[in-house]
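Q: Quick one: the structure is below, questions incoming.
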């Protein structure tokens, strides 16, 4: 269990934000035999191994230096004598990364991998599709110093790229499908998911920021795609990757040991989750939690306690990457008045009800189903990219309710509350307690 301990003896509403955070990996909690038993180091899409350290500008692996090397290699086909560093490229099409699947049989679950290609292969394959590769089309993702490699992403509109790969069985697959198909116990899979999420967010941002918001002129990439700049000489506005902050909160009725869960009309049947909403300009995180809870359910919130955060690059394409900021919020009033324009329903649920929703949802079964779907897509058997996230009991009976899977921060907020003693979440010794062990 990943526990976040805040070293303070009291909880004034604002002071917890400045407390030191210590990672304690010693505690584990098992929900039931039906749930997965594993420890997560980070949320899905966090923990990108390419983002841990950005080299200094003088380093050959830095964005600036790597980009200069890239420009010398683009006009020619690199060969084995290419100087360090080498380059790998991850192609995307319509927000979907290139992947391949391996290892699936009657007894084992297939495993998906990112479909990295060499710079030389990328150029040749794109040329065969009538697409010219240039330095402005590539976005810097980061280096792996131990492998002497720098990683890039490129956005393609041509599905013909895949057919040129021949027998390699690669395909562009929706990131949401890969998210569900990732084995949460496999650090490699979580690392690749984080890399793909970061790449998609950057590429989508480039797609929606092609024109200057100040003067309307075209923008062009700078610093290996890490920012953009207006092409108008009198404007020259700098534009940086967009991140949309969202508060997501589990509202708790401390006196009656209940949690408030809600449904939106777009949810699959029987799924319940936390309240969430975008932060408005000039608003603190705590104020956003209280406002969103009041607007959507009519419930007043008092104390607000931070849990953890998660990048979320699988939202609408108009928002390339949301940052989900998770909180526990403690209710001052209990009467629910649902805003039907925002929610389909909201209800208080007892700890036991929520625990059952965690226990009966076969998250591992969903992961295996999604992994098999990725394999079928890569083989060309399955063409649909849609994926049901509904879960059933092993007996085939429908569970009365379930919550989002371990790939979502909502799962960990809810599971952290379920597995704590009633007073622990708001104890004077710790807050923001855990990414649950599943």
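Cβ from N, Cα, C; glycine included.
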Q: If Swiss-Prot says 276, 296 bind Mg(2+) 1, which of 233, 341, 342, 344 does it name for the same site?
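A: For the Mg(2+) 1 site that includes 276, 296, Swiss-Prot also lists 342.
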Q: Identify the motif 'Nudix box' range according to Swiss-Prot, selecting from 211-232, 277-298, 299-320, 365-386.
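A: Range annotated as motif 'Nudix box' by Swiss-Prot: 277-298.
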Q: Whole-number Å only: compute the distance from the Cα of residue 342 (substrate binding site) to the Cα of residue 212 (Zn(2+) binding site).
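A: Each residue's Cα considered, residue 342 (substrate binding site) and residue 212 (Zn(2+) binding site) end up 32 Å apart.
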Q: For residue 235 (Zn(2+) binding site), which residues in the same chain are close in space, meaning a Cβ under 8 Å from its Cβ, but six or more apart along the sequence?
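A: Once residues fewer than 6 apart are set aside, residue 235 (Zn(2+) binding site) is near 212, 214, 215, 217.
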Q: Count up the helix, strand and coil residues in the domain 'Nudix hydrolase' (241-371) according to DSSP, in that order.
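A: Grouping H, G, I as helix and E, B as strand yields 32 helix, 50 strand, 49 coil.
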Q: If you measure residue 230 (Zn(2+) binding site) to residue 292 (substrate binding site) at Cα, how many Å is it?
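A: If we compare the Cα positions of residue 230 (Zn(2+) binding site) and residue 292 (substrate binding site), the gap is 36 Å.
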Q: In the same chain, which residues outside the set 276, 296, 342 have their CB within 8 A of the centroid of the CB atoms that define the Mg(2+) 1 site?
A: 262, 264, 275, 277, 292, 295, 297, 339, 343
